[in-house]
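Inspection log for the structure reproduced underneath, given as structure tokens.
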Amino acid sequence: MPEQLKQRVETCYQQAEAFFKRRFPRPEVSFKLRGQKAGVAHLHENLLRFNLQLYRENQEDFLRQTVAHEVAHLVAHQLFGDRIQAHGEEWQLIMRGVYELPPNRCHNYDVQRRAVTRYIYRCPCPQSDFPFTAQRHKLVHQGRRYLCKRCREILVYSGETRVE
């Protein structure tokens, strides 16, 4: 699957070279991106990072729009330097003129949030559930104490967890 994506990066560069009549150095392409971002262009490293999960779930639009979006960032940087805005007129020119695509800043892919376990802490106050993250729960085990803002008592782990 990543081969199609790499081929689209190459196609975008060939389009930019034909349009601007000059060569551009090819970037390193990485698939080590997670979370809500579909892609990221690292301008000074000449690196493109893509989210494989979002690519798999939105392949057609990803290849057409997202890859061109990120390549346009690198091309704009190589043409116009550091002093341009990320989604400014230079980048928009490349999106419209070179790739004939709308210069959309953000994708609208459905991003699934991963399930997160919360550790329930309580104090003597009525209805006093305090859901702690795994990181905060670990800090309590290492000796950190948290107080209720109302009664100023130390929050105590209830033994319960819930998945959000």
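Yeah, the Cβs are placed from backbone N, Cα and C, and that goes for glycine too.
The feature active site is assigned by Swiss-Prot to GLU70, with sequence analysis given as support. Around the Cβ of GLU70 (active site), the same chain contributes GLY39, VAL40, ALA41, LEU48, PHE50, each under 8 angstroms and 6 or more positions distant in sequence.
For HIS69, HIS73, the entry in Swiss-Prot reads Zn(2+) binding site. Cβ neighbour count for HIS73 (Zn(2+) binding site) (all protein chains, 10 Å cutoff from its Cβ): 21.
Look at Swiss-Prot and you will find 13-156 tagged as domain 'SprT-like', backed by sequence analysis.
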Check: When you measure from the Cβ of HIS69 (Zn(2+) binding site), which residues in the chain that are at least 6 apart have a Cβ under 8 Å away?
Finding: GLY39, MET95, LEU101, ASN104
